[in-house]
Amino acid sequence: MDTPSRAASTVVADEMVVRSVGILLRQTRAGATALGLLCGLYGVILVPAVGWLAYLGWYAVLVASLVARQVYFSRLAATRGPTRETLRHVAIWTTITGCLPSACIPMFVQSLSLADVGVLTVTTLGTLAAAVAVIGVQPRLYAFYLVTSLAFAYTGWLWHAGPNERVMIGLAMVMGGFMLQRAVWTYYQQLRENVEITAHNAELVEQLRTSLEREQDIRRARSRFLGAASHDLRQPVQALLFLADIFRRSSDGARREQIAQQIVRTGESIDTMFRHLVDFAQIDAGTMKANLQPVQLPRLVQATVSGFGEKCAAKGLHFRLEVEPEGAVTADPVLLERLLRNFLDNACKYSLQGEITLRIHAIGDHLEIEVVDQGVGMDDEDLALVWNAFQRGRSASRAEAEGIGLGLAICRHMADLMGTELQLASRPGQGTRVTLRLPLLRNDSASPGPGRSQQQLALQGRVIALVENDRLAREALSAWLREAGAIVASGSDLAGVQQALRQVGGALHCVIADYRLTNGNGMDVIRALRAQHGPVPALVVSGEPNLHDLALEVPCLQKPVAPDKLLEHLRRILPGAPATVEA
């Protein structure tokens with residue numbers, strides 16, 4: 001039996017005990033009074049036969065037993081409640097005291113007449129029928145009560161009746177007893193079915209309540225999502241507007257350079273927020289999946305930290321990278337890179353001074369990644385809430401850090417998808433340590449990553465076809481590529497790009513395409529251009545949330561993408577261009 005079935009059976013059994021105790025206590029209170037009155041009427045038969053003294057002696061024992069029984073039951077229920085032990089005691093004593101009325105037949109059998117025995121037998125059968133509603137909750141004890149009472153009644157027939165009457169009465173008692181016992185089992189089964197139905201209905205109600213609460217939580221989370229996104233995205237956008245205006249008005253080169261750096265940092269903040277919002281939307285929709293595979297961790301880390309040292313230096317921080325072992329781990333490379341970027345971004349965001357360290361070292365059959373900072377840190381209260389969505393601790397205020405409180409909640413979900421152990425330790429004013437443990441593959445089966453060097457890629461003279469249906473994005477990326485020395489032929493669709501290529505002339509070296517276009521998609525454009533210009537390298541850069549699930553035949557990057565990352569991918573795919581990453 002599985003765990004849910006055992007739990008359901010336990011609930012039914014416990015409820016049966018509660019119901020049975022309740023029925024016995026109610027019915028025995030009423031039954032004691034009825035039984036006392038009935039046995040009082042027995043005096044009409046017994047007093048003429050045995051005299052007042054014998055009758056009153058028997059009747060006094062009966063009444064005293066019933067009174068003592070009810071007092072005992074009340075105390076038992078008050079002290080122990082409706083337990084199995086209470087049920088056992090109540091049922092046993094109810095059965096024993098229930099046999100006392102019919103016990104008068106064998107006690108006074110010598111003084112009774114056959115007519116007296118017949119009347120007492122009929123009343124005994126009546127009490128047996130009435131007892132179905134009392135002891136019927138315990139079928140086995142009722143069977144004992146039934147057999148005992150019928151046996152007491154039959155002694156009178158054995159004493160006074162002839163052979164034929166004995167046989168007939170005996171058969172009648174057996175048949176009647178059989179029918180009464182069947183009625184008891186039917187009563188018990190119906191009671192159990194009612195309990196099971198009640199328990200099932202209660203379970204359904206609880207499931208419905210849980211579902212409603214979950215739906216309300218989802219609605220509240222979405223409301224917080226929209227409210228937080230609306231509020232927090234406005235802040236850096238507002239800053240960009242002011243910075244752009246200052247940059248436009250300023251003629252001082254040093255001042256413009258300072259403003260440009262602020263614009264870059266603000267843009268990176270917006271980029272981080274968008275990534276978190278996209279990740280949260282995927283988590284909320286249940287579409288975020290983990291594709292576990294062998295990954296060269298040191299190489300992935302080197303790619304992840306590209307440009308992070310410069311980012312720290314711009315804030316007056318020192319970045320240190322300590323990679324001890326070489327080896328592969330089992331992980332999702334995309335999720336793992338996003339995890340590390342989130343940890344590093346948080347370390348930089350919440351550090352006002354000091355050093356940030358990314359450390360990789362082996363512990364047994366695992367590789368352990370640590371991101372350690374000397375930032376503002378968190379207290380225990382913040383640590384308890386930090387994994388919840390839209391929660392930002394007091395450390396965010398102390399560091400004046402921007403964000404929407406999704407980063408660590410997303411990290412926790414990504415780590416859970418990969419089955420990775422994630423730990424967080426922090427102290428106010430002493431910084432934070434994030435630890436990630438990944439299973440180490442002893443056989444180095446990960447695909448090799450790109451080599452790293454300081455050599456810069458020369459895009460000078462490279463003809464790059466850019467297909468982007470958003471005008472602002474197309475103009476910005478075209479300008480960036482031209483600044484890098486490339487010759488750009490851009491358009492919003494295939495026809496526009498083909499016309500631009502005819503104007504610039506020369507051989508096509510690379511295609512950069514958005515996936516979702518007004519007419520068709522980026523892969524259609526790439527295939528058409530390859531049909532005309534040969535197997536040129538291509539790259540899809542898109543904001544599609546499930547871009548990596550599309551299994552495209554060319555490399556792909558998800559928007560927003562950092563310039564350094566785009567440059568690195570261009571180095572990888574362009575012929576003759578060394579792939580370089582600056583750590």
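The chain as shown is numbered from 1 upward.
A Cβ is built for glycine as well, from the same backbone N, Cα and C atoms used for every other residue.
Summarising the annotation, TrEMBL assigns domain 'Histidine kinase' to 228-442.
Among the features that TrEMBL reports, domain 'Response regulatory' is placed at 463-574.
Per TrEMBL, the feature 4-aspartylphosphate maps to Asp514. Taking Cβ-Cβ distances under 8 Å and a sequence gap of 6 or more within the same chain, the neighbours of Asp514 (4-aspartylphosphate) are Val467, Glu468, Asn469, Asp470, Ala473, Gly522, Val540, Val541, Ser542.
The transmembrane segment annotation in TrEMBL covers 90-109 (among others).
For 115-135 (among others), the entry in TrEMBL reads transmembrane segment. For the transmembrane segment (115-135), same-chain residues at least 6 beyond its ends with a Cβ under 8 Å from one of its own Cβ atoms are 23-24, 27-28, 31, 34-35, 38, 42, 45, 49, 91, 94-95, 98, 101-102, 104-105, 109, 141-142, 145-146, 149-150, 152-153, 156-157, 159-161, 169, 176-177, 180, 183-184, 187.
Sequence-distant neighbours of the transmembrane segment (142-161) (same chain, 6+ residues past either end, Cβ-Cβ under 8 Å): 95, 98-99, 102-103, 105-106, 109-110, 112-114, 116-117, 120-121, 124-125, 127-128, 131-132, 135-136, 169-170, 173, 177, 180-181, 184. Positions annotated as transmembrane segment by TrEMBL: 142-161 (among others).
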For Asp514 (4-aspartylphosphate): DSSP state (helix, strand, coil): coil
